[in-house]
Amino acid sequence: MSGFPGSDRRLVNGPERSVPPLEPNTDGNIRDSIIQNKRPSGREILQPRPLFIKSDLVNNASGSAYLEQGGIKISCSVYGPRPIKKVGAIVSSTTGNLECEFKFSQFSSSWRKIQQRDSEEKEISQILTQALGPAVCLHMFPKSSIDVFVTVIESDGRSATIAAAIKCASLALADGSIDMYDMVSCCSVSMINGFWIVDSDQKEENEEDASILLAYMPSSQEITHTIQTGKTSIEQTQNIIYQQKKNEYPGIQTCILLCKNRNSGTLKGGEIVAIIGSSGAGKTTFLNIISGRVKSGTVTGEVNFNGKKRKPRTFKKQAAYVEQDDILFPNLTVKETLEYAAQFRLPESQYSKQGKADRVAEIIKELRLEKSQNTFIGDEKIKGVSGGERKRVSIGMELVTDPRILILDEPTSGLDSNSSEMVISLVKDISREKNIISVCSIHQPNSRTFKLFDKVILMAPGGIVYFGPTEHAVTYFESLGLQIPNHENPADFFMDCMTVDTRDEKSQAESLEKINILKNSWVAYTKEHGFEYIPISRKTSETLIYQKKDSEPEKKGETGDQPEEEDNVTWGSNWSAEMFTLLKRSWVRQLRDRVVLVSHLVNAIVTMLLTGFVFFKKVDGIVNANNKVGLLFILCINLVFPVVTPLLPVLFEEKKVMTRERSGGSYRMSTFFLSVIFTKVPIALFCNLIMMTGIYFLSNLQRTFTKYIIYIAIYYSCILCSLGFAFAVTSFTSTLEVASILTSLILSIFVIFGGVLVNADFVTPVLAWIKYGNYIYYTYMASMQNEMKGLVFKCSVDAGTGCYPTGEAVIKSFSLNKFSIVECICINLGMAAIYHLIAYMNIRFKSNSKQIWI
């Protein structure tokens, strides 16, 4: 305990002389007023002066704050952590330095007329350092310095000004995202005529018999610094300290509410928090609000990170969300999956290739995946890792960026009890080691898994019924008269209390009444004691504050060096590197899926042989003309349904993975879309080239080089349209079933109006427009013109009027001469481009749809 001699009763605005004269007392009735529980200013003896405080004011500072309390005005700026440059300063490889500089501005009062720094400023600087030092995680900043500059603009009372300076500096440190165990609150009290008065001004200090200044951390109740002047009894001193720490004085209450609003909840770094509730209670919605994934509805309240309103793109880089379903590519190994995640998400400016490889190796070790790192993820077709290992891979993909917040939606869903316990245990170990905020929803954990959580949020339909340490949840429920049976899993007991029993009307009414009692009891508790039940004293630093107000702004941790502005948030790789990585992954997956590749080749060969030999026999006259009409249309159909239908499930798989990866900012939409195109198009073109070439030479089409090239160009334009159509349908539908039905419907209509089944010139005007958006119609028109022109058919006497003398006559009879071959190909290519563009814009729009941030 440090203090000042009682004889040194200098004004807070500090003299240039060693012992300045006291300011004259114009209120001679101060002592008389105190006896009557009143002060000359009109305040009660326990009433503090009004307080105004604001942060984030100085642009070039790491953190800043401004405070007004009565006649006191103080500003504070924080810089750092930064390399130690002070001459003679101690440099430690295990801890950092906190340097506080307290200064009175010129003319801050009638006694402060020069800017020369005196001994009092140096003395108060030491007080600030001693008061704030225990709250700052200096071990996080070895060989670094955190510099705090406090300037008194106006002062009114020595102890009150020091207390205000400590509060202002504490908020500035939090505003600068400096790692802190807790905020530091501070209050001064003076004894006059045997009465303690809160927040004394200068005139009251002139009359005081003794004073105490107390700085402490509200959550842990740990005193960081105290100053006493004058004489008090041991009982008086103990009583005031006890009352200050217990918030029994309104003045102290005001100070603490600056740091922790009673309508707020705080999630702290190093803790793993479980959200338990029945289906429909709002667990996933709660997680979506925290992670910024809500896209519709109305959300009220406020979610702050490190005491600041979140910036969406910045926050997404710091928060990791593990979805309930493990959406992974089955034919990639565990190591490859994590390596690609590192390639996408770790910035090239901070990580070399070796650095990314080291990070992946570290994640594999932390999640105990060494034995399965070269095993495929697997699915129902490919044998792969277990469900627990697959979940750990999903978690590892998010941990690769070293996030500050880890949000998990039902991480134990579908796992056995041992796998569930291992997943939660690993998350807890990583959270503590790296000081990560971990929040997960969980339906009904077993007793061992339940005990792993540091805190629990119990959610009933319509609201929260408990938030606090896991070990105290049973105590809270027992205080409400709900006794847990012996040897019963607490989580099961809580679920029974929070679940609506729908077996019959009586059971439903009783369960709803119990839930309402729980909700009302928790509301009553939070009004009196705060949002969290029995605050724990374990020191943690990073905080995510949700619901109504800011509370306990603390650490940003290792993200502190990252830019705050959204415009400065960049992708992990440049466009070309990103494109190369996506193409590499797509081709690796494509070439490993041998069953699909072989199926495409077999389909092409079988179709080629079957169709080719059906039309292999040479015929003349009308039979030849009819065969060519049918063959060319069959070719069109073979380049539509067999291309589109198998592609839909593949695209839906790609779409799901893309949605998950893009939600974490892995890559650009343009690179993803182009990588899929450059993977699917070559396979489709190559396999169908085999089919088209075989049919061309087996079915007696005109065998000239020019016509063959045109033939290939026509049907290639059809393939590109089919691919684009599949992309577009996938982008507009949410399930494979809907996409399959929609595809069958539209393509069937295209076939009807393709130019063979119905003559396009004789369709009712109500439906005639369909042909103009039908790429099958243009493909068939171009292929008929390419093959039929130049042909002469020998008509027998038996053929009668049904014979076509020339190929041009066939074209005319089917009304397929509206556009030339070049025009048809160009129209098809234009339609293919439009399909792809629509698909890209729609997926991009849905991916970037506006989310509700609070």
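Cβ atoms are placed via backbone N, Cα and C, with glycine included.
Predicted automatically and left uncurated, TrEMBL annotations should be read as such.
Database features (TrEMBL):
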REGION    1-39  region 'Disordered'
DOMAIN    235-486  domain 'ABC transporter'
COMPBIAS  547-559  compositional bias 'Basic and acidic residues'
REGION    547-568  region 'Disordered'
TRANSMEM  595-616  transmembrane segment
TRANSMEM  631-652  transmembrane segment
TRANSMEM  672-696  transmembrane segment
TRANSMEM  708-729  transmembrane segment
TRANSMEM  741-760  transmembrane segment
TRANSMEM  819-840  transmembrane segment
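Most Cβ pairs under 8 Å to the transmembrane segment (631-652), among the stretches 595-616, 708-729, 741-760, 819-840, belong to 708-729. When Cβ-Cβ distances below 8 Å are used as the criterion, the transmembrane segment (672-696) is approached by residues 579, 582-583, 585-587, 590, 597, 600-601, 603-605, 607-609, 611-612, 615, 631, 635, 638-639, 643, 647, 650-651, 654, 658, 662, 703, 708, 711-712, 715-716, 719-720, 722-723, 727, 836, 839-840, 843 of the same chain, each at least six residues removed from its ends.
Long-range contacts of the transmembrane segment (819-840) within its own chain (CB-CB distance under 8 A, at least 6 residues past either end) are made by residues 669-670, 673, 677, 710, 713-714, 717-718, 720-721, 723-725, 727-728, 730-731, 773, 775, 778-779, 781-782, 785-786.
For the transmembrane segment (741-760), the list of distant contacts is 629-630, 633, 636-637, 640-641, 644-645, 648, 725-726, 729, 732-733, 767-768, 770-771, 774-777, 780-781, 784, 814-816, 818: same-chain residues at least six beyond its ends, Cβ to Cβ under 8 Å.
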